[in-house]
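If you look up TrEMBL, you'll see 30-83 marked as domain 'Protein HGH1 C-terminal'. Marked as region 'Disordered' by TrEMBL: 98-138. Marked as compositional bias 'Basic and acidic residues' by TrEMBL: 103-138.
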Amino acid sequence: MERLPVDLQYLPPDKQREEEPDIRKMLLEAIMLLTATKAGRHSVREKGTYLVLRELHRWEQEPDVLAACEKLIQVLIGDEPGPGMENLLEVSIPEEVEQQLQRLDREEEERWQRERRQEQDKEQEQDEAREQDQEPSR
(Lines of atoms letter the chains of each structure in order from A and count residues from 1; the text may use other names and numbers.)
(Lines give C-alpha, C1' and ligand atoms only; values in the text may rest on other atoms or scores of the structure.)
Protein backbone atom coordinates (compact mmCIF):
# COMPACT_ATOMS: atom_id res chain seq x y z
CA MET A 1 0.00 0.00 0.00
CA GLU A 2 2.85 2.40 0.77
CA ARG A 3 4.08 2.03 -2.82
CA LEU A 4 0.97 3.82 -4.03
CA PRO A 5 1.20 7.58 -4.54
CA VAL A 6 0.13 9.44 -1.38
CA ASP A 7 -3.01 10.77 -3.10
CA LEU A 8 -4.21 7.19 -3.64
CA GLN A 9 -3.32 5.92 -0.18
CA TYR A 10 -5.91 8.10 1.51
CA LEU A 11 -8.87 7.94 -0.85
CA PRO A 12 -12.20 7.72 0.95
CA PRO A 13 -14.15 4.46 0.53
CA ASP A 14 -16.88 6.31 -1.37
CA LYS A 15 -14.47 7.55 -4.07
CA GLN A 16 -16.29 7.70 -7.39
CA ARG A 17 -14.87 5.59 -10.21
CA GLU A 18 -14.95 6.67 -13.83
CA GLU A 19 -18.48 5.90 -15.02
CA GLU A 20 -17.76 5.55 -18.75
CA PRO A 21 -16.37 2.09 -19.68
CA ASP A 22 -14.71 3.39 -22.85
CA ILE A 23 -12.72 5.91 -20.83
CA ARG A 24 -11.68 3.21 -18.33
CA LYS A 25 -10.53 1.06 -21.24
CA MET A 26 -8.60 3.94 -22.84
CA LEU A 27 -6.85 4.64 -19.54
CA LEU A 28 -5.80 1.00 -19.27
CA GLU A 29 -4.57 1.06 -22.86
CA ALA A 30 -2.56 4.22 -22.12
CA ILE A 31 -0.89 2.49 -19.19
CA MET A 32 -0.26 -0.51 -21.44
CA LEU A 33 1.61 1.78 -23.83
CA LEU A 34 3.77 2.95 -20.93
CA THR A 35 4.75 -0.68 -20.35
CA ALA A 36 6.10 -1.08 -23.88
CA THR A 37 9.65 -0.36 -22.69
CA LYS A 38 11.59 -2.00 -19.90
CA ALA A 39 11.96 1.35 -18.09
CA GLY A 40 8.22 1.98 -18.46
CA ARG A 41 7.32 -1.43 -17.03
CA HIS A 42 9.67 -0.85 -14.11
CA SER A 43 8.16 2.57 -13.42
CA VAL A 44 4.56 1.33 -13.62
CA ARG A 45 5.34 -1.60 -11.31
CA GLU A 46 7.07 0.66 -8.77
CA LYS A 47 3.98 2.86 -8.44
CA GLY A 48 1.95 -0.06 -7.10
CA THR A 49 -0.25 -0.16 -10.19
CA TYR A 50 -0.99 -3.84 -9.70
CA LEU A 51 -2.87 -3.10 -6.45
CA VAL A 52 -5.15 -0.64 -8.23
CA LEU A 53 -5.66 -3.01 -11.17
CA ARG A 54 -6.54 -5.85 -8.81
CA GLU A 55 -9.30 -3.77 -7.24
CA LEU A 56 -10.52 -2.60 -10.65
CA HIS A 57 -10.66 -6.22 -11.83
CA ARG A 58 -12.80 -7.20 -8.82
CA TRP A 59 -15.21 -4.34 -9.48
CA GLU A 60 -15.33 -4.16 -13.29
CA GLN A 61 -18.34 -5.64 -15.12
CA GLU A 62 -17.65 -4.54 -18.70
CA PRO A 63 -16.00 -7.37 -20.72
CA ASP A 64 -13.85 -5.07 -22.89
CA VAL A 65 -12.48 -3.25 -19.86
CA LEU A 66 -11.91 -6.52 -17.99
CA ALA A 67 -9.97 -7.91 -20.95
CA ALA A 68 -7.79 -4.78 -21.14
CA CYS A 69 -7.21 -4.97 -17.38
CA GLU A 70 -6.22 -8.64 -17.57
CA LYS A 71 -3.77 -8.00 -20.42
CA LEU A 72 -2.12 -5.19 -18.48
CA ILE A 73 -1.90 -7.35 -15.36
CA GLN A 74 -0.24 -10.09 -17.41
CA VAL A 75 2.40 -7.64 -18.62
CA LEU A 76 3.05 -6.42 -15.07
CA ILE A 77 3.27 -9.83 -13.41
CA GLY A 78 4.92 -11.63 -16.30
CA ASP A 79 8.60 -12.27 -16.83
CA GLU A 80 10.66 -9.63 -18.59
CA PRO A 81 10.99 -10.24 -22.33
CA GLY A 82 14.31 -11.54 -23.57
CA PRO A 83 17.12 -9.62 -25.24
CA GLY A 84 16.09 -7.64 -28.30
CA MET A 85 12.56 -7.22 -26.97
CA GLU A 86 13.14 -4.33 -24.59
CA ASN A 87 10.68 -2.16 -26.54
CA LEU A 88 7.58 -4.24 -27.22
CA LEU A 89 6.27 -1.74 -29.77
CA GLU A 90 9.23 -2.53 -32.02
CA VAL A 91 8.92 -6.31 -31.88
CA SER A 92 8.14 -7.89 -35.23
CA ILE A 93 5.35 -10.47 -35.08
CA PRO A 94 5.03 -13.03 -37.88
CA GLU A 95 1.80 -12.61 -39.85
CA GLU A 96 0.47 -16.10 -39.02
CA VAL A 97 1.02 -15.48 -35.30
CA GLU A 98 -0.72 -12.10 -35.54
CA GLN A 99 -3.69 -13.71 -37.30
CA GLN A 100 -3.85 -16.42 -34.63
CA LEU A 101 -3.79 -13.80 -31.87
CA GLN A 102 -6.56 -11.83 -33.57
CA ARG A 103 -8.62 -15.01 -33.88
CA LEU A 104 -8.09 -15.75 -30.18
CA ASP A 105 -9.12 -12.19 -29.30
CA ARG A 106 -12.33 -12.59 -31.32
CA GLU A 107 -13.07 -15.93 -29.65
CA GLU A 108 -12.46 -14.41 -26.23
CA GLU A 109 -14.77 -11.50 -27.03
CA GLU A 110 -17.49 -13.91 -28.21
CA ARG A 111 -17.07 -15.96 -25.01
CA TRP A 112 -17.41 -12.81 -22.88
CA GLN A 113 -20.55 -11.82 -24.76
CA ARG A 114 -22.08 -15.31 -24.36
CA GLU A 115 -21.31 -15.33 -20.64
CA ARG A 116 -22.73 -11.85 -20.22
CA ARG A 117 -25.94 -12.80 -22.08
CA GLN A 118 -26.27 -15.91 -19.91
CA GLU A 119 -25.84 -13.83 -16.75
CA GLN A 120 -28.41 -11.30 -17.98
CA ASP A 121 -30.85 -14.08 -18.88
CA LYS A 122 -30.38 -15.66 -15.46
CA GLU A 123 -30.93 -12.31 -13.72
CA GLN A 124 -34.07 -11.73 -15.79
CA GLU A 125 -35.40 -15.17 -14.89
CA GLN A 126 -34.73 -14.50 -11.21
CA ASP A 127 -36.47 -11.12 -11.43
CA GLU A 128 -39.48 -12.71 -13.12
CA ALA A 129 -39.60 -15.46 -10.47
CA ARG A 130 -39.49 -12.83 -7.70
CA GLU A 131 -42.31 -10.89 -9.36
CA GLN A 132 -44.43 -14.03 -9.57
CA ASP A 133 -43.73 -14.81 -5.92
CA GLN A 134 -44.84 -11.30 -4.95
CA GLU A 135 -48.11 -11.40 -6.90
CA PRO A 136 -51.09 -12.10 -4.63
CA SER A 137 -52.76 -15.46 -5.10
CA ARG A 138 -56.20 -15.44 -6.69
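Backbone N, Cα and C define each Cβ position, glycine as well.
Owing to the predicted nature of the structure, the values given are computational and were not obtained by experimental measurement.
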Intrachain neighbours beyond the region 'Disordered' (98-138), with Cβ under 8 angstroms and 6 or more residues off its ends: 63-64, 66-67
Tally of DSSP helical, extended and coil residues in the compositional bias 'Basic and acidic residues' (103-138): 32 helix, 0 strand, 4 coil
Integer average pLDDT (0 to 100) for the domain 'Protein HGH1 C-terminal' (30-83): 90
